[in-house]
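Novice: Just dropping this structure here.
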Ligand SMILES: NC(=O)c1ccc[n+]([C@@H]2O[C@H](COP(=O)([O-])OP(=O)(O)OC[C@H]3O[C@@H](n4cnc5c(N)ncnc54)[C@H](O)[C@@H]3O)[C@@H](O)[C@H]2O)c1
Ligand SMILES: *[C@@H]1O[C@H](CO)[C@@H](O)[C@H](O)[C@H]1NC(C)=O
Ligand SMILES: *[C@@H]1O[C@H](CO)[C@@H](O)[C@H](O)[C@H]1NC(C)=O
């Protein structure tokens, strides 16, 4: 069999806990395809290089057929060179007593620098997925710092929230998660996100029902369901004493695989993408999570869905949060 040329895939925060779950799936072909050879570029900060060496040893010990080369580094000019895909997981974590503004400032510095490195070293067709929080705003800063790469090639992860919503509905109905389609996550990846099931369909007892008809509990869908999805990250931290990693890695794989290979016919997914101000009354120049469909490595926002007053107010609230964060972050860009 003639194999294609290897693609170059960067994961940052490569010594961290999400990467530990993620790298194996990428390297074995779950994301870019079972016959696509891969060169993995692994970036972390200098003090983490010894840990990163351990991760590299383990990847080598997996003896994977598609993994052609592994490049661990703390240098952006090495990590971002000729990239086909970049998964930006590493960011500044909140430390004890750190002010929100200082945390945002530190992340603007990181994503400004990594955006500039994408601009300088990566392929112009690179697909960039931002995971490190605050994911939406970090993604916007990276995109602004790489002006010659189309803004459409930047997205941030809300697929974990999407998967959480799908699974909550599925468990409630007693069906597999794959029998639930077209949930939507709107807005920021935070507790103000709006998990919307007004267009969601559930396959149950031989037919496909609107979510509200399948669940038959409007109070739950408009109350505890939304709160559960919004607070899920915090609930995992409380239980595990660590943030979501296995499920985050799975969501990253789902997101990047859909960019690479498209979404299934008739299904949409949720992604934080660049808003031009032309969809659903969301202000322009924000990275906001929308329902999208993907074909030929291009996404399109699913247009024309009916939005009721309940949804409208929740979509506006999460947009307002992002606007405020953007303006603070952009002010830091200049300094
Ligand atoms: N969008 C989402 O749905 C979602 C879900 C889960 C976690 N997250 C976020 O993902 C990020 C990573 O989570 P984790 O659990 O793996 O954290 P972690 O602390 O285990 O790992 C993060 C790694 O990033 C590295 N890092 C920090 N700054 C870096 C930089 N400038 N360049 C390269 N590497 C750098 C750290 O050294 C560390 O090894 C966090 O910001 C977390 O909040 C997002
Ligand atoms: C948006 O979501 C991110 C990720 O959870 C969070 O860090 C950030 O604080 C949120 N923005 C605002 C303004 O609350
Ligand atoms: C990325 O940009 C290219 C043009 O360079 C475009 O053809 C492609 O559709 C974009 N990808 C996405 C995911 O939008």
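Even glycines carry a Cβ here, placed using N, Cα and C.
Sharing the features that TrEMBL gives for it:
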- 189: active site, proton acceptor (ACT_SITE)
- 44, 107, 131, 132, 133: NAD(+) binding site (BINDING)
- 94, 100, 133, 164: substrate binding site (BINDING)
- 8-154: domain 'Lactate/malate dehydrogenase N-terminal' (DOMAIN)
- 158-332: domain 'Lactate/malate dehydrogenase C-terminal' (DOMAIN)
Novice: Taking a cut-off of under 6 Å between Cβ and any atom of ligand 2, tell me which of the recorded positions 107, 131, 133, 164, 189 pass.
Specialist: 133, 189
Novice: Compare the Cα of residue 100 (substrate binding site) against each of the binding-site residues 44, 132, 133 and report the nearest.
Specialist: 133
Novice: Checking your reading of the structure: which of the binding-site residues 44, 94, 133 lie inside a 10 Å Cα sphere centred on residue 189 (active site, proton acceptor)?
Specialist: 133
Novice: Quick test of your reading of the structure: among the binding-site residues 94, 100, 132, 133, whose CB sits under 6 A from ligand 1?
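Specialist: With ligand 1 as the reference and 6 Å as the Cβ limit, the list reads 132, 133.
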Novice: Let me know how many other Cβ atoms fall within 10 Å of the Cβ of residue 107 (NAD(+) binding site).
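Specialist: Residue 107 (NAD(+) binding site): 22 neighbouring Cβ atoms within 10 Å.
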Novice: Could you give the number of helix, strand and coil residues in the domain 'Lactate/malate dehydrogenase N-terminal' (8-154) as assigned by DSSP?
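Specialist: Counts, helix then strand then coil: 66 helix, 27 strand, 54 coil.
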Novice: What does DSSP say about residue 164 (substrate binding site): helix, strand or coil?
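Specialist: Assignment for residue 164 (substrate binding site) reads helix.
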Novice: In Å, rounded, how far does the Cα of residue 131 (NAD(+) binding site) sit from the Cα of residue 164 (substrate binding site)?
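Specialist: It is 16 Å, counting Cα to Cα.
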Novice: Taking every residue in the domain 'Lactate/malate dehydrogenase N-terminal' (8-154), what is their average pLDDT?
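Specialist: Average per-residue pLDDT within the domain 'Lactate/malate dehydrogenase N-terminal' (8-154): 97.
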Novice: Which of 94, 189 (the recorded positions) has the most other Cβ atoms within 10 Å?
Specialist: 189
Novice: How big is the Cα-to-Cα gap, in Å, between residue 132 (NAD(+) binding site) and residue 164 (substrate binding site)?
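Specialist: About 18 Å separate the Cα atoms of these two residues.
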